[in-house]
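Peer 1: Encoded as structure tokens, here's the structure I'll be asking about.
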Amino acid sequence: MKLVLAIVLILMLVSLSTGAEESGQEISMVGPPLYIWDPIPPCKQLDEDCGYGYSCCEDLSCQPLIEPDTMEITALVCQIESA
């Protein structure tokens, strides 16, 4: 009985790990890449969408939400840039 339970658990773990890999590949292929190195045009309004991974700052410039070097979320980047 323990052997059957162990086999079932192993099969479940294998299916979960392969499922995660497949969904990760799908996510990476859908939508634009997070980092677009072309210059981002400034936004015209504060609530305007700058595109995926960017936010519009008070000075109407588009800034990345994630710092490429440290991969940390920089939601305060607008305040840092304008200070």
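Glycine is no exception: its Cβ is also placed from the backbone N, Cα and C atoms.
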Peer 1: From the disulfide entries in Swiss-Prot, identify which of CYS50, CYS78 pairs with CYS62.
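Peer 2: Disulfide mapping in Swiss-Prot sends CYS62 to CYS50.
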Peer 1: Taking only the Cα atoms, work out how far CYS57 (disulfide bond) lies from CYS50 (disulfide bond), in Å, as a whole number.
Peer 2: 10
Peer 1: Return only the integer: C-alpha distance in Å from CYS50 (disulfide bond) to CYS43 (disulfide bond).
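Peer 2: CYS50 (disulfide bond) and CYS43 (disulfide bond) have their Cα atoms 6 Å apart.
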